[in-house]
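**Student:** Pulled these from Swiss-Prot:
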BINDING   171, 172, 173, 174, 175, 176, 177, 178  ATP binding site
SITE      375  site 'Required for activity'
């Protein structure tokens, strides 16, 4: 006998089934790729894309939305784009580009997206932070009053750099710009300053050599290397500087000191020009886009010395009473010494001073090839170590007078005694400012050398023996006056007792003639 269902049971059953149906609506913004060329994708139908948003493409590929037009979005692909095709689906993610940050990046080599490329396995525990961030406001900043020792006599004496400063290193190719930056990184190994070295558009072999040199000098442990090699896309070369800055800001925000080197911003500007032209943005001077100044200003303004209140607010009270700093050393390559080109003038106007390296000086054997006349540090003077500040005034004057007189001396047949003495002193100062690569010099040894030349102790030393004399003098002091050297290195102070000790022991050393 067939089972009969009454109408009420049927309606109850239907009601139960309807209640059990799970309908989950998902809102997704999708578009279609209409063209792919030279790393640029054009996407039709993405109505709600944001400027700088990550766009998801097939095979876990991402693009960065840069052009928001009326009916399409122009985006630059981060990585390989050979597998992308017209008609592919593109989705908005609602996120802007972020990179990993944290102490586990120290000692590692990563690409522009923060992925390790050194073969040492995955990164340790990290957080992520956006690559683009608004620079700290005026209220949160503090004046620069602590030094960053580069280990170079010529820089620390005449063009001092402070923590939180932006100091440009500018010069033609092969004048020692990268060498100066790497030596500065090596000099920070006992100072607690964390370093970030961003290599933009360099050969992979060059970056490998730099990493090896940092390892040999025990400097890789406090350094993050961000590499966007010449073989990588223009998008990654453009982003790498901002990614490196974000990694450096992690330390600044937590009341620590960090140093970042951008090597070099000329190549970043070229990469950005390439992207802009491919996106059909109108070209300006030297075919650069109109916002190339903003490209560098928004990057370099993120370098700052921030107040205790900023650090306390950022860490939500975990870190108190500590200031943080991010010091930037951007590098710019000039063509035939032309500092009046578009990008060099932009960066000179943004930074707090520049170290100008000259080809003629480099070829003459004066290395580092610093042109003391047009190199300047606008804020570093207030951060200079007391002893170096006291002694270095004479160095600049001696060099300036020497350069001026040397030009006249070529035409003069006979020189008076005063002029001849100034020329001879200038020759010895110039010789003393020479320094080999990877030979960082402590504050005490710099002070000793500067004091010796200022007080005329090198006047009777032949010019070709000046560096030998200096080396022997440092060895003599480290053997006989190690307590004095340690005291100066620790405090950086200058007083009558130190002056008397310098005078007495330099005179003693000269009588031995051991140089």
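Placement of Cβ uses the backbone N, Cα and C atoms for every residue, glycine included.
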**Student:** How long is the line from the C-alpha of residue 176 (ATP binding site) to the C-alpha of residue 375 (site 'Required for activity'), rounded to the nearest angstrom?
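**Tutor:** Approximately 15 Å lies between the Cα of residue 176 (ATP binding site) and that of residue 375 (site 'Required for activity').
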**Student:** What is the interatomic distance between the Cα atoms of residue 171 (ATP binding site) and residue 375 (site 'Required for activity'), given in whole Å?
**Tutor:** 11
**Student:** Could you say whether, by DSSP, residue 178 (ATP binding site) belongs to a helix, a strand or a coil region?
**Tutor:** helix
**Student:** Around the ATP site formed by 171, 172, 173, 174, 175, 176, 177, 178, list the extra residues of the same chain whose Cβ is within 8 Å of the site's Cβ centroid.
**Tutor:** 333, 357, 359, 362, 369
**Student:** May I ask which residues of the same chain, at least 6 positions away in sequence, place their Cβ under 8 angstroms from the Cβ of residue 173 (ATP binding site)?
**Tutor:** 333
**Student:** How far is it from residue 172 (ATP binding site) to residue 375 (site 'Required for activity'), counting Cα to Cα, in Å?
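**Tutor:** Computed Cα spacing between residue 172 (ATP binding site) and residue 375 (site 'Required for activity') is 15 Å.
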**Student:** Quick one: among the binding-site residues 171, 176, which has the most Cβ atoms sitting within 10 Å of its own Cβ?
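**Tutor:** Counting Cβ neighbours within 10 Å, the top one is 171.
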**Student:** Looking only at DSSP and grouping its letters into three states, which state does residue 171 (ATP binding site) belong to?
**Tutor:** strand
**Student:** C-alpha of residue 375 (site 'Required for activity') to C-alpha of residue 177 (ATP binding site): distance in Å?
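**Tutor:** If we compare the Cα positions of residue 375 (site 'Required for activity') and residue 177 (ATP binding site), the gap is 14 Å.
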**Student:** Please report the number of other Cβ atoms within 10 Å of the Cβ of residue 177 (ATP binding site).
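**Tutor:** Total other Cβ atoms inside 10 Å, all chains included: 25.
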**Student:** Would you count the other C-beta atoms found within 10 angstroms of the C-beta of residue 178 (ATP binding site) for me?
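**Tutor:** The answer is 20 other Cβ atoms.
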**Student:** What is the number of other Cβ atoms found within 10 Å of the Cβ of residue 174 (ATP binding site)?
**Tutor:** 12
